[in-house]
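**Q** Okay, here's the structure, questions in a sec.
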Ligand code: SF4
């Protein structure tokens, strides 16, 4: 099962049109023009599951369905669901008592769950199972340890994980904070992380922490999820061969922003993030033979195909897919929703959400 794309008008971003001829005249390209298309890219199973959860909630309960925060960090997905009757709110207090609210893929703290119960809201929890795993780790390890949570303060996922054990958790945003963070008991210390960070930067932070606190414990398994890791591995392979890397994804999508950083770090001469193909500045193509393309874990494939169409207009019609992993992870839908779908005779209640590619 995959979430269905809905046609929503592209935003009216003025095109800074340079024709293919103007781009070619600005600097001749001698090597054959080509696109290196990363795989895996785009939707992960957790995003697919969250989007399907809202779609199915609309189908089975009818509009409006309230969604706390952006269900996933993508402008197009949010606009598509709004067009179908989803109402996005920042907090439970904006949802009328008794109504249905869906919690986003990024997860929520126990305080948010409690506030929904206090308001008598019906809830569907679309938290990605891999985020739930980190929450459970936080609860378990907080019993005997202090947690150093590597992640970006203010990001919804970090707020949710922190909220599981606020008295026992300190957020570490970056290497600088790793050098200065203070702890009471360095012998009962464990690190956890946000799921969508740069793998390399996270390990740099862990190394700094371990140098200062040699008894720092590792989590039982990686918190950075398979989808984040796989998309970074794919762009690392492409970046050294690409003069330009275009990442499709929204500005508030942590894993999309990390893909731009990783592309630059691994040798791309330039890298830009765009929400839509019409944000591409054709001046980026001047003198460029090889263009890398990828997309963040919250990006539907239709947006990547729009970018490929624009690239083809500018002579980059030859597309080579660079496959570094196959993704076959399936997540079942949220249990509250499955029960409703089953009771309504919807045969898709058993099907799993999955990655794009
Ligand atoms: S990026 Fe990873 S943690 Fe986030 S929704 Fe996707 S699979 Fe889950």
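In case you wondered, yes, glycine gets a Cβ from its N, Cα and C as well.
According to TrEMBL, the record shows the following:
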type: BINDING; residues: 44, 128, 225; note: [4Fe-4S] cluster binding site
type: BINDING; residues: 73, 106, 155, 253, 254, 255, 298; note: isopentenyl diphosphate binding site
type: BINDING; residues: 73, 106, 155, 253, 254, 255, 298; note: dimethylallyl diphosphate binding site
type: BINDING; residues: 73, 106, 155, 195, 253, 254, 255, 298; note: (2E)-4-hydroxy-3-methylbut-2-enyl diphosphate binding site
type: ACT_SITE; residues: 157; note: active site, proton donor
**Q** Who sits close to residue 128 ([4Fe-4S] cluster binding site): which same-chain residues at least 6 apart have their Cβ under 8 Å from its Cβ?
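**A** In sequence order, 44, 46, 47, 49, 50, 105, 106, 107, 195, 225, 331 meet the Cβ cut-off.
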**Q** When you measure from the Cβ of residue 225 ([4Fe-4S] cluster binding site), how many other Cβ atoms are you left with inside 10 Å?
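**A** For residue 225 ([4Fe-4S] cluster binding site), the 10 Å Cβ neighbour count is 24.
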**Q** Mind running the binding-site residues 44, 155, 195 against ligand 1 and keeping the ones whose CB falls under 6 Å of it?
**A** 44, 195
**Q** Find, among the binding-site residues listed as 254, 255, the one whose Cβ has the highest number of other Cβ atoms within 10 Å in the structure shown.
**A** 255
**Q** Around the C-beta of residue 73 (isopentenyl diphosphate binding site), how many further C-beta atoms are within 10 angstroms, looking at every protein chain?
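**A** Excluding its own Cβ, the number within 10 Å is 29.
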**Q** Centre the Cβ atoms of 73, 106, 155, 195, 253, 254, 255, 298, go out 8 Å, and tell me which other residues of that chain have a Cβ in range of the (2E)-4-hydroxy-3-methylbut-2-enyl diphosphate site.
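**A** Near the (2E)-4-hydroxy-3-methylbut-2-enyl diphosphate site, beyond 73, 106, 155, 195, 253, 254, 255, 298, sit 72, 157, 196, 252, 256, 296, 297.
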**Q** Check the DSSP secondary structure of residue 253 (isopentenyl diphosphate binding site), expressed as helix, strand or coil.
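**A** In three-state terms, residue 253 (isopentenyl diphosphate binding site) counts as coil.
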**Q** If you count the C-beta atoms lying within 10 Å of each candidate's C-beta, which of the binding-site residues 195, 253, 298 ends up with the smallest number?
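**A** 253, out of the binding-site residues 195, 253, 298, has the fewest neighbouring Cβ atoms within 10 Å.
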**Q** Tell me the Cα distance separating residue 298 (isopentenyl diphosphate binding site) from the residue listed as 'active site, proton donor', rounded to the nearest angstrom.
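**A** About 14 Å separate the Cα atoms of these two residues.
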**Q** Quick one, of the recorded positions 106, 155, 157, which Cβ has the fewest other Cβ within 10 Å?
**A** 155
